Each structure stands twice: as structure tokens, then as C-alpha cells.
Amino acid sequence: MNISNRPIGVFDSGLGGLTVLKELKKILPNENYIYLGDLKNSPYGDKSGDEITSFTKKNIEFFLKNGVKLVVVACNTASSYNIEKIREIYNVPIITVLESAISGINKEDKNILLAATKATCNSGYFDKLLKINFEIVNLYKEACIDIVPSIENKNLVDDEIQVIVDKYIKKYSKEKIDKLILGCTHYPIWKKYFENSVNKDVEIFDPAHKLALDVYNYLNINRMLNNDENSKIKFCVTKNKDIFFEKSKKFIGEKFIEKVEKIEL
């Protein structure tokens, strides 16, 4: 198979990566994709660094068996642990949502709030990247531990969702936050509730669009863009195939998802 026609592998612990896939489809509509939701090990946010690294390796190995030309780590938690070492192991380009989040910060942003999973906050990797790229930035981190399980497993009404988000975000209203980074790909699903929790002058940044542009630029520079208009998306999960199918239709649209395959890693 011509390398340009090979699929792009996109993985997350569950539904959250669909927010990234949706942006990828907008920017790169002709590409073929394999989406992997590792629901068997979800959520990644309460796992150890060694466990998360192991999950990432297994996901990438699955993609390599399926001939992908590039891997998108559409999970901030997986992006936070040993990604540089993982790049040395596998002969495939890897683009992560966390690195795209860093590249979306401006020099004018002096007070940053990172809303993320416990594991992402504890890893310190975002802090490290921030210090490398910016001289003076005040970083606030909030581990929103209830949000991913609530999105994956519960059917909540608006008021219930707002209470959960407010619990984590409202307390920063006095900190003059310039930018709130949605540091988990699940969080854009609840973006309007985050908007309700912050002051009106706070910019809410979803890295998914920036990541899609990063993928486009990489493929374009390396002459790997697919021009075939008959693109396909293959959806795979490690657990809860039927639940994922029903929920994913709401988030990405029925026209994109016809069936979901359960796999073993």
C-alpha cells in the first residue's frame, strides 16, 4: 500500500479522543483513520505512570500491525508519560495532544489554568514543556477526577453537570486566569459548562484543532497527504462495544460511525 493511503491511528482511553478525530476529519477529510478506545483500561487518569506507559505501547503496537503511517495520541494522560522514550522505540511518527496544547499558548498568557486528570497533573510533563517554551507563566493545575467517569458512564442533566464542573473551576475566579486549557480530550464534550464556570474574559482552549493542524503540517511537509476521497474510519474498542457505539454517535455523528469492532491488545 502507498504510504499516503495508509491510515492514521488515533487512540484514547474512551470517548474523549472523538473530539480530536472530529477536528482531524475537518482539516484532513481525505485521510483514513483507525480509532482505538481502550475502554478496558479506562480511565487512564487514575493509573500509575508505568501502567499508562504500558497501555500506550500496546496501543501503538496495535496500530503498527494495522499499517498506520502516523499515530495521534488523543489522550493527554498518555501524552504525559515517557512519550519521548516511546518515540525512540517505535518507527512511526507520533503527535500528541499535550504538545499541541503547549504550542497554543501565547506570550501574553501569564496565568494558565490546566484542567486535566490526576495523572496528567501529577506527571509534571506539562510543567516541563511550559518552562522550556516560556519564561514567566503562572500555572494552576486542577485534577478534575469525576469528569471522565461521569462522561463515560453516566447520563446527567445540565444542572448536575454544572455542579461537577463548578466544583473544580469556580474557585479560580479570583486568580485572573488568561487561558483555561482543557487538558483532557473528554472535556470539550462539556465545554459549555466550563464556559459557565469562568469569567467572560478567560479564553478556553481546546487543543484538538491545533493538533489537527500539526498533523496536517507534518503530512504535508513529508508528502504523506492522502488525496483519495473515499476515506474510511475503523472504530475499535477493548470493551463495551455497544455502549461506545451508542454514545459515540452523539459526539461525532451517525454518518461517521457504522460499526465498532471489539479487539484484544
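Here the Cβ of each residue, glycine as well, is placed from N, Cα and C on the backbone.
The number of other Cβ atoms within 10 Å of the Cβ belonging to CYS75 (active site, proton donor/acceptor), over all protein chains shown, comes to 34. Under the heading active site, proton donor/acceptor, TrEMBL lists CYS75 (among others).
The DSSP secondary structure for CYS184 (active site, proton donor/acceptor) is coil. Per TrEMBL, the feature active site, proton donor/acceptor maps to CYS184 (among others).
What TrEMBL lists as substrate binding site is ASP12, SER13, TYR44, GLY45, ASN76, THR77, THR185, HIS186. Listed in sequence order, SER13, ASP38, ILE52, PHE55, CYS75, THR77, ALA78, THR117, ALA119 are the same-chain residues six or more apart from TYR44 (substrate binding site) with CB atoms under 8 A from its CB.
The Cβ of ASN76 (substrate binding site) has 33 other Cβ atoms within 10 Å, all protein chains considered.
Following the DSSP three-state reduction, the secondary structure of CYS75 (active site, proton donor/acceptor) is coil.
Counted over all residue pairs in ASP12, SER13, TYR44, GLY45, ASN76, THR77, THR185, HIS186, the record's binders of substrate, the longest Cα to Cα distance measures 12 angstrom.
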